[in-house]
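Here is the structure we will look at.
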Amino acid sequence: MTKDSLGLGIDTTFDDTSVAILRGHQEILANLTLSQYRDHAEFGGVVPERAARKHLEVIHSLIDEACRKADVKLEELDYIAVSNLPGLLGALLVGVMVAKTLSFSLKIPLIGLNHVEAHPYAGVLSGQPLQYPILHLVVAGGHTLLMHARDHFDYEIVGRSIDDAAGECVDKVAKLFGYPMPGGPVVDRCAVENPGSSYEFPSPRIHEPDFDFSFSGLKTALLRFKEQEPEKATQDESEVLACFFRSLARVLIYKTFRALDTYDLKRLSVSGGLAASKFLKEAFEVEAKKQGIELWYPPPKLCTDNAAMVTCLASYRYAAGLYDDLLMDAHPNLLS
Ligand code: KG4
Ligand code: ZN
């Protein structure tokens with residue numbers, strides 16, 4: 001029965017409006033995302049109020065378009081899914097209100113989800129059902145998390161960013177060098193095309209015994225370098241950014257594999273927008289092979305925010321009968 005369930009998922013956590021329709025756990029019938037990057041460019045960062053308004057402007061037509069593309073009528077849906085945490089409160093509320101309205105009027109279950117918990121499910125969509133126990137590394141724009149998962153919905157956060165997330169750090173450093181959001185693709189290209197061996201930047205907290213991350217000091221190191229060595233920063237920019245990204249990747253890889261060892265795990269998934277990096281993917285593949293770890297790694301287009309991964313997580317909740325009611329709230333922060 002669950003295999004053929006038909007779900008519609010909505011994600012409006014930050015600055016992308018995304019709607020997906022999924023059959024079963026992994027057949028994507030529609031997965032549409034409208035990015036707001038240009039709408040916030042003149043402000044140098046995402047303006048929460050503007051993000052919420054932009055979601056509101058496009059959400060209904062995006063749902064219509066998803067239904068057309070999937071050739072599905074709303075009445076055929078089995079459940080409505082929506083990310084209700086974490087994110088910008090106003091932005092989250094747009095998705096939550098639309099989802100509640102659809103659930104109420106169509107008389108079908110409402111399923112609220114943690115957007116960060118959904119990132120690893122991007123791998124399922126590319127035909128790799130998750131196996132447990134597994135360690136999830138999620139490297140998104142707003143969060144860097146290590147999650148020790150024993151089963152679906154049963155996980156413990158064992159490491160997290162205590163200041164800037166890895167993606168946030170990359171975006172801020174790219175901005176220092178004059179690049180607009182998102183900074184990840186340009187920094188990744190530099191890392192792939194350059195040796196990344198000429199400059200030494202810190203790898204913060206790499207030897208701390210816990211699994212928490214801190215990347216704001218690395219960002220400050222790049223700021224200082226730019227102030228102290230303006231010529232090198234300009235003339236050798238690609239190599240500087242390559243060295244920076246290697247420092248950041250070194251921390252992610254070292255701590256992740258140490259966590260696998262500590263928790264005696266043999267499976268790893270890497271997901272989230274920064275995982276779209278070609279450099280990072282290759283580095284994780286090499287290390288996983290060396291250490292005999294089975295790796296789940298979604299294709300780049302499913303690493304960045306999309307509603308299909310949210311609907312995929314929801315399809316497992318639907319199968320387990322884990323629904324929410326109309327009192328469901330939106331939460332800006334992670335709950336655990
Ligand atoms: O998961 P995501 O789309 O949004 C959040 O949940 O926060 O992650 C956004 C992050 C940004 O830091 C962005 O620069 C990075 O993902 N990113 C990339 C690529 N595309 C987006 N990083 C490296 N390579 C890419 N191709
Ligand atoms: Zn995300």
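Every residue gets a Cβ built from N, Cα and C, even glycine.
Just so you know, TrEMBL annotations never went through curation; they're auto-generated.
These figures come from a predicted structure and were not determined experimentally.
Under a cutoff of 8 A between CB atoms, and with a sequence separation of 6+ in the same chain, the neighbours of ASP305 (Fe cation binding site) are ASP11, THR13, PHE14, ASP16, SER18, THR33, HIS115, ALA140, GLY273. For HIS115, HIS119, ASP305, the entry in TrEMBL reads Fe cation binding site.
GLY184 (substrate binding site) is surrounded by 25 other CB atoms, counting those within 10 A of its CB over all protein chains shown. Taken from TrEMBL, the feature substrate binding site covers ASP171, GLY184, ASP188.
Confidence across the domain 'Gcp-like' (27-310), taken as the mean pLDDT and rounded to a whole number, stands at 96. Summarising the annotation, TrEMBL assigns domain 'Gcp-like' to 27-310.
With a cut-off of under 6 Å between the Cβ and any atom of ligand 2, the binding-site residues ASP171, GLY184, ASP188, ASP305 reduce to ASP305. On a Cα basis, GLY184 (substrate binding site) lies 17 Å away from HIS119 (Fe cation binding site). Cβ neighbour count for HIS119 (Fe cation binding site): 32 (other Cβ atoms within 10 Å of its Cβ, all protein chains included). Taking the Cβ of ASP171 (substrate binding site) as centre and 10 Å as the limit, one finds 24 other Cβ atoms among all the protein chains shown. Counting other Cβ atoms within 10 Å of each Cβ, the lowest count among the binding-site residues HIS115, ASP188 belongs to ASP188.
Apart from ASP171, GLY184, ASP188, the residues listed for substrate, the same chain places the Cβ atoms of GLY167, VAL170, ALA174, PRO182, GLY183, PRO185, VAL186, VAL187, GLY273, LEU274, SER277 within 8 Å of the centroid of those Cβ atoms.
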